[in-house]
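See structure below.
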Amino acid sequence: AQCGAQGGGATCPGGLCCSQWGWCGSTPKYCGAGCQSNCR
């Protein structure tokens, strides 16, 4: 699912991180630099 700026401000289900590219995931690639929501 898309999230963040690319997804109309949507957040990710299940507490997943929103990457700088606007996609949901749980790895540092998503949760690290540039993360848009649910960041760790």
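Glycine residues also receive a Cβ, built from the backbone N, Cα and C atoms like all the rest.
The record in Swiss-Prot lists a disulphide bond between CYS17 and one of CYS3, CYS31, namely CYS31.
A gap of 7 Å separates the Cα atoms of CYS39 (disulfide bond) and CYS18 (disulfide bond).
Neighbour counts of Cβ atoms within 10 Å were compared across the disulfide-bonded residues CYS17, CYS18, CYS31, CYS39; the minimum falls on CYS39. Here the CA atom of CYS35 (disulfide bond) lies 12 Å from the CA atom of CYS12 (disulfide bond).
Cβ-based crowding with a 10 Å cutoff singles out CYS3 as the top-ranked of the disulfide-bonded residues CYS3, CYS12, CYS35.
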